[in-house]
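Okay, structure first, notes after.
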């Protein structure tokens, strides 16, 4: 049995955990050193804080990816195990929303954060303009040039890719052995964007669009380098550097070897370059107790103080600090190459805008492999890479989008035009079912409903999602307000409630609109909606409006259920008023509308909850179903219904004319009429039987067969 020594420390100090990952002994030593230094500092200054290092490595996790998964899962918990976490800046977007905004909370906040302010650090350590961490140290991608070969052949360090190719080919031809001309770093994603950035026209040019001609030129140069002077397996880059069997290599600046010159990476022309930039960021979990957070802030201040950055990060471990003014210190410049740092043109985008870097990296690496093997073209490669992160929007640029937009506009203007019919005398006879003000409310509902779908064109934003939900809910509600009012006041049996609604119409309207309106305002105040990006393998990514806020979800469900209640009440009242003579045709038209409404809302629910992975299909169905809803609710009621009535009226007139003609020419006319009269006379008899039923005991079916109010 192995002997183990245990040391027990009895202290009242607040224990703060610091989680980080290391894949080499050099970094492990650094983390132990800064932890020990802080604990010494804490004891000397009576801070009552004890820092506990939780070091992940290949001894306790299978890979760095597993460490990232552990940290991600931990930060999402209400109470987690780690107070401070360290992570590579490529995971900034993944972690940022779960980390504490440190601005305004540090002991010497303004000066401390200002020390670190630069375009690179700001882009990597902020989320929605809030600082969620600070870098312990940083790394650049640089060019390592073999001193021995350059001196032997009297060559200078190359400043352009063409110079690098010429020098490497010359040395390779002379040496005639297993020497490698150039090898890249193992990370294909970083290398790709470095090449692209190094082909800018000038130093002030931004990172080009991935489908730009500049990018195609960069890829052509990259494949030329691969074919001419690079044949090695990139996974063994450091092995090649250690063996000195390579002329040029692209690697991270934390690799230390005096046999190589270190310089910025080449570019298309002299003075233009591009180097990937990475920081080890330390952030604080925002879900821990206030005491732990305050203690963690003191640790972060210590790690990122100018003194620790100079004495430990730079002097002891020869790493780069993110504090820019340090590189004006002559003492520091004797230890590291300050001019190199100042000359590097770093590229941070678009790598650091990616939510799932690991997945992105795998996809890009696979696409690049296909490109280098000749199985795909540069244009296809760039389109595929762009599609990994690009979010597509339903717009007029796609044919079906343009068609749906035009249809939406046509229906919108038809609705506006149909409102005019309400004020034309010869059409008023078709609109007796509702009063003028209720028809206007009904029409406004159609306009709101169409508008809610127009928002889905072009880029989605949280605000657009909130507005779309608000006006769709209100539009649906406004449809049922006039219908339900008419059905309640037209109920076969007079009740106090129906009479009250009849004589307090505007109070009824105000209460229902206010209910939905107040809930909409609460949702807008909560700002709960977000655009969730649906990442689709081998297809176009797109955004969906989503809300994950518990209260907002509850409110939205209440709104939907309330409108469903209005719909259900309308359906029930239509059944009761089915045979009322005065509204006989209107009730049947309304029945058609309500049936189609139920079908369209069912179809819309299916679309929303079905995992449709094609944005064109999803939004075409979504918009199309809701336009059908408007067509049935408005155009059917205002246009189609009137056309059918006119057509039937003409048919009835023709039928009457024919009957009159038959009556005039037939000797049996009186017999037929007599028969008709007898049949007609039987109706009052039936009505008398119905009226003999006591009103208090009237049944559901009696209400259904009633032909007038108060039967």
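Cβ coordinates come from backbone N, Cα and C, glycine included.
TrEMBL entries are annotated by machine, without manual review.
TrEMBL lists 400-424 (among others) with the feature transmembrane segment.
Long-range contacts of the transmembrane segment (436-455) within its own chain (CB-CB distance under 8 A, at least 6 residues past either end) are made by residues 405, 408, 411-412, 415-416, 418-419, 422, 464-465, 467-469, 471-472, 474-479, 481-483, 485-486, 509, 622-623, 626-627, 629-630, 633-634, 637. Residues or ranges marked as transmembrane segment by TrEMBL: 436-455 (among others).
Sequence annotations record features per position, and here TrEMBL assigns transmembrane segment to 467-485 (among others).
Per TrEMBL, the feature transmembrane segment maps to 506-531 (among others).
Residues or ranges marked as transmembrane segment in TrEMBL: 551-575 (among others).
The transmembrane segment annotation in TrEMBL covers 587-610 (among others). For the transmembrane segment (587-610), same-chain residues at least 6 beyond its ends with a Cβ under 8 Å from one of its own Cβ atoms are 483, 567, 570-571, 574, 577-578, 580, 618, 621-622, 625-626, 628-629, 632-633, 636-637, 641.
If you look up TrEMBL, you'll see 616-640 (among others) marked as transmembrane segment.
Below 8 angstroms of C-beta separation, residues 394, 398, 400-401, 404, 407-408, 411, 414-415, 418, 421, 442-443, 445-446, 449-450, 452-453, 456, 472, 479, 540, 542, 589, 592-593, 596-597, 600-601, 603-604, 607-608 of the same chain, each at least six residues beyond the ends of the transmembrane segment (616-640), sit close to that stretch. Packing against the transmembrane segment (506-531) from elsewhere in the chain are residues 441, 460-463, 465-466, 469-470, 473-474, 477-478, 481, 485, 543-549, 551-553, 555-556, 558-559, 562-563, 566: each is 6 or more residues past its ends and has a CB under 8 Å from a CB in it.
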